[in-house]
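*Asks:* Sharing a structure, written as structure tokens. Questions coming.
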Amino acid sequence: MVDLESEVPPLPPRYRFRDLLLGDQGWQNDDRVQVEFYMNENTFKERLKLFFIKNQRSSLRIRLFNFSLKLLSCLLYIIRVLLENPSQGNEWSHIFWVNRSLPLWGLQVSVALISLFETILLGYLSYKGNIWEQILRIPFILEIINAVPFIISIFWPSLRNLFVPVFLNCWLAKHALENMINDLHRAIQRTQSAMFNQVLILISTLLCLIFTCICGIQHLERIGKKLNLFDSLYFCIVTFSTVGFGDVTPETWSSKLFVVAMICVALVVLPIQFEQLAYLWMERQKSGGNYSRHRAQTEKHVVLCVSSLKIDLLMDFLNEFYAHPRLQDYYVVILCPTEMDVQVRRVLQIPMWSQRVIYLQGSALKDQDLLRAKMDDAEACFILSSRCEVDRTSSDHQTILRAWAVKDFAPNCPLYVQILKPENKFHIKFADHVVCEEEFKYAMLALNCICPATSTLITLLVHTSRGQEGQQSPEQWQKMYGRCSGNEVYHIVLEESTFFAEYEGKSFTYASFHAHKKFGVCLIGVRREDNKNILLNPGPRYIMNSTDICFYINITKEENSAFKNQDQQRKSNVSRSFYHGPSRLPVHSIIASMGTVAIDLQDTSCRSASGPTLSLPTEGSKEIRRPSIAPVLEVADTSSIQTCDLLSDQSEDETTPDEEMSSNLEYAKGYPPYSPYIGSSPTFCHLLHEKVPFCCLRLDKSCQHNYYEDAKAYGFKNKLIIVAAETAGNGLYNFIVPLRAYYRPKKELNPIVLLLDNPPDMHFLDAICWFPMVYYMVGSIDNLDDLLRCGVTFAANMVVVDKESTMSAEEDYMADAKTIVNVQTLFRLFSSLSIITELTHPANMRFMQFRAKDCYSLALSKLEKKERERGSNLAFMFRLPFAAGRVFSISMLDTLLYQSFVKDYMISITRLLLGLDTTPGSGFLCSMKITADDLWIRTYARLYQKLCSSTGDVPIGIYRTESQKLTTSESQISISVEEWEDTKDSKEQGHHRSNHRNSTSSDQSDHPLLRRKSMQWARRLSRKGPKHSGKTAEKITQQRLNLYRRSERQELAELVKNRMKHLGLSTVGYDEMNDHQSTLSYILINPSPDTRIELNDVVYLIRPDPLAYLPNSEPSRRNSICNVTGQDSREETQL
């Protein structure tokens, strides 16, 4: 190093001192070289080229000047023809010489000089090394023919009257017009102009042909009839239109030859132009063209972005979107990258839709296509994912990119996005409204297990209907069900409302009860003016404010309602079976609702968390007064309200102290420490103090911690909830959370078994290992052994989730084939099992629990067709599986996103009802079942008052189950067995026939294969009967009778029992005969106050948040959580 340093000479002192003062600037200035760029554009030629060609605005001006110059030359030619007076005679000299005045000649010479100079200049600027390419161009040749003779006449005066075919400048004007339009489109940045250009070219070609023909014939007939311009125009029009009257005809052979030549040119040129125009028109029809900017600025439109458009999706969107009166004038622009299929094209040609729906083929990722759709002027943009894709994650990624592209192009356009998988939701948090399909689906299926038909309830609420479905039906339940299906959620400010204005300063429950009693509306929630959070049933301690926004359920919104007082209504004498608007209550309802006599304190005490108790007063009080209901207080009395603190689990009061102690040691309440994906809403749940080892989560495999290998061995106190899914996706987490929410009583927690086709990953197991009684098993519903091991014989509900791998099929609606057949097998094998099925296509609901010869199902099918013909959005609602809540399709919830355009609160309310979101002070959805002890309440109005006065619950509907009045054809068919009843008397014979009818299900076929084989065996035994005697013959006869009486259901039951015995499972408790085939269930949303309460009715309730009444609710939530892994564990959350 010393040698190297010694080789570098030291700097002189002056440089060192200067560097100290000035730094390195001196050295940099000495080494700098000034470089000028784009020197090639500074030449004279390049400057001219920039002005005449490259610059868009200056080039456009040059083109416009050139076009005007050509038109002027044609105009001067017409003036010359009109001014001349040709001498009489037929000399050929009239063809070559014309009369041209001096001023006209001067103008034509000037125009020719300018045109020739401009043409030569542009040829020089566009010269690329081949001079002949510039000279032999047709525009250049025409310019030479029309300009050079005039320039020569300047130097040779005798040639001033020489004929020059100046009318050919029309073709140069056409060429200049095309260039001008191209420059104009470049200047205004318009690229989608092919159709306009082609139409312009066609029109200009026609005009040039006609103008050339007119001028040519007029000039050539100077030696003949001497036609004027008007006669020439008349002849050309008649000739080109193929009419040919013959009153004006050319006489000279030259003019005739010219006409033939022009017709030949027209036959060659025009078909080419028409062919190009037709091709562009067809392409335009495929791509959809452009949405007019003028219309976008003067009219309102929304854009629907989809990857592929199916007819079902289109009709769902159009029917729901245009169901609202204020949206009738909106246009819908569909932006889709694929071509329209035949069905969509046919629908969009219907006048009702063709005037309001515009289909554009394009991609949301292209700014040009977004510009075509005028996305920046749109009122909203709906972006839908394609759910019928094998790779749903890829479909979500496309949706995310579309949302990003729209937000980048039009940041002020409201976004309504549908996403499939919950782990992708956080990518589009910026969207105004987001519906995650799997979140809603699993939460809805979970609530179906504890609140029956929740999926049907939500589906009816988010569909727009007038409640006119089923009103033409002869059956009363269909009229009631159809009328109540028209109820929707609406909102209004309290001080502006006729329904709720009088309840300012009063409690929420008081307002809800009296509004329902007086107007028939169900107040379900409120929102403060200065708060964005919606509170469902905030409870009796919430005081209504004048600026509160009230959310209520009704047939129509208040603004569209008319009000009549009681006297007017009595005079009208209109008998209504349903209450909508003010109605006269029955006498017993009015007396009961007065609340003049209060019931005892124990009747207003807190219910058990398992459900409200509509118990009668005590025996002592019955002797004094009849049952009555306490009034709903205007302002809650703190001393009289006993809150249902579910944190202490009052539902467990019936348990022994030892059981209660063990239960408290086993469970805790808190927020789940792990979430399988980012963006899941934290929910207060029942949790374990310590997470379960992964090996213990496997239901059918023993481990070192337990030795159980089937569901029966665990000895669960409550029935199972089984979920059959293909994979343990992140959305399945939302199935578990609502069933383990903190407000669910511990005694009523059902064990959850996940029957998965594929093993779950570790992240999912990390999330579910903290929840009590959650297990999984690898198996399939195709395998009977797997079903028996997971405990299907004593399960309360079986949820069959649609498989992603079967969601797409080549034939429409065939995606559900495997699911439908598997569920039908379950339905046959386990008739007592409540099966809840998810389908891809709602149209396939008619195949659920299919019975080919069921007359009642056939009648419902006809009713569905009639409702569809009437234009109903809910034609499928009368299908018994849907009405009972046993089938669901996620596509039914697409209307939730569409309805949010008008009701921006619908997604929030639905998430609160399903338990996907929890807001402090907001209630939750639950249900209670009416028993025989509760029938004293009699009417829905009294039930409403009882719940509001006791615990603050708000009922919103009834799930009713009735016996099926119309028996099926199969249940009426029975085969007489009298010919085999030789050994029995008539009483036993009738007894056996009755048993046979009862044991035969309504869905079996007339002659099942198994029973046919059994009968054949019995006949063979009967033929061999004479060979036996005594007890042997009697035994054979008895076997023969028993075999015949066995129904298909009994055959299947025996098959199941044999498999259970083979697997070592106990057959105790297997009930093969208890089914629900002879009943029908349906929902009554917000029924009238005088609706009778019936036995086994299930009432939907919105129960107040029990934590809202605790003094320190938030600390209690946080402190009650078990000691689990801290924030570091969240870093392992799967993205």
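Using the three backbone atoms N, Cα and C, a Cβ is placed for every residue, glycine included.
Taken from Swiss-Prot, the feature topological domain 'Cytoplasmic' covers 1-63, 123-137, 186-198, 278-1135. Residues or ranges marked as topological domain 'Extracellular' by Swiss-Prot: 85-101, 159-164, 220-228, 250-256. Sequence annotations record features per position, and here Swiss-Prot assigns intramembrane segment to 229-249. Per Swiss-Prot, the feature domain 'RCK N-terminal 1' maps to 299-435. Here Swiss-Prot flags 718-858 as domain 'RCK N-terminal 2', drawing on sequence analysis. Annotated region 'Disordered' per Swiss-Prot: 977-1010, 1017-1036, 1113-1135, in sequence order. The compositional bias 'Basic residues' annotation in Swiss-Prot covers 1017-1030. The compositional bias 'Polar residues' annotation in Swiss-Prot covers 1118-1127.
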*Asks:* What are the DSSP helix/strand/coil residue counts across the topological domain 'Extracellular' (250-256)?
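*Replies:* So the topological domain 'Extracellular' (250-256) is made up of 4 helix, 0 strand, 3 coil.
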*Asks:* Is the topological domain 'Extracellular' (159-164) packed against any residues at least 6 beyond its ends, judged by a Cβ distance under 8 Å, and which are they?
*Replies:* 95-100, 102, 105, 108, 145-146, 149-150, 152-153, 219
*Asks:* Given a Cβ distance threshold of under 8 angstroms, which distant residues of the chain, six or more beyond its ends, lie next to the topological domain 'Extracellular' (250-256)?
*Replies:* 95, 216-217, 220-221, 223-225, 235
*Asks:* Which bits of the chain, at least 6 residues beyond where the topological domain 'Cytoplasmic' (123-137) starts or stops, bring a Cβ under 8 A of a Cβ in it?
*Replies:* 45, 48-49, 52-53
*Asks:* Helix, strand, coil: count each for the residues of the domain 'RCK N-terminal 1' (299-435), based on DSSP.
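*Replies:* Looking at the domain 'RCK N-terminal 1' (299-435) with DSSP, the answer is 59 helix, 28 strand, 50 coil.
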*Asks:* Please average pLDDT over the topological domain 'Cytoplasmic' (278-1135) for the predicted structure.
*Replies:* 77
